[in-house]
Structure formats: structure tokens, C-alpha cells
Amino acid sequence: MKNRVMIIGIIALAFSIISPFIFNAYIEEKPDELEKTLIFGGPFPFAEQTLTLPEDKNSYPAIIDFESPMDEKTAIKWIPLLLTFMSYFLLFFSIYSIIARFINGRPTRKEKEDKPE
């Protein structure tokens, strides 16, 4: 059980780190300031980048992608990152538990009580 929890934790951490690249920022109208701080990630956004938006009004609505932390300065908010990790961990652990119960065919507590020995 301990190994399974660690594997699920590693998978949840990987999904948490990848999530800013999956969830993009959407800007509908041209803002007054073109230098804008955007927050990426999901389900709780945690990676903050300051980006320069396009000047052309025709390029809006715009979908802004997360830039690599190696290329752009990125600030990490630790509480939302922890909440994102916990969300993915609980999601994957619950899916794993449901699938494992169906595959192993373990009886529930009620089935054990109803079954005569």
C-alpha cells in the first residue's frame, strides 16, 4: 500500500507541475496596460508570469500560453500549488481505489456480514 501511495503521489506531482502548460490564460478584450501579470495552472492557479500582450486590437480575444520558467521569470505560489497537488492526489487515489476494488473483487463490509460461513 505504501508503494502505491508513493506512485500516486509522484503522478499527482507530475500533473501539478505540467498543469500550467495545459491551462492557458484567456483575455477577451485589449487591456489598458499591455504589461500584465497572468496566473497559470489548475485547478488552483499557482504559476505567475508577467507578460507583454499584443498591441493590435484585432488579435483579441487572445489565448496566452505559459512560457517555460527557463525563458520567463516565474513566481510560484506555494499554497495553491499544494492545493493543486492534493486535488490531483485525491482524484487519482479515488480512481485507483475504485478500479482496484473492481479488479480484485474484494467484498464490501455488508457483503461479508450477509454471507454465511
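Each residue, glycine too, has its Cβ placed from N, Cα and C.
Keep in mind that TrEMBL annotations are predicted by a computer and have not been checked by a curator.
Sequence-distant contacts of the transmembrane segment (7-27) (same chain, six or more residues past either end, CB-CB distance under 8 Å): 36, 38-43, 45-47, 53, 60-66, 81, 84-85, 88-89, 91-93, 96. The feature transmembrane segment is assigned by TrEMBL to 7-27 (among others).
Sequence-remote contacts of a segment are chain residues at least 6 beyond its ends whose Cβ falls under 8 Å from one of its Cβ atoms, and for the transmembrane segment (78-103) they are 4-5, 8-9, 11-13, 15-16, 19, 41-46. What TrEMBL records for 78-103 (among others) is transmembrane segment.
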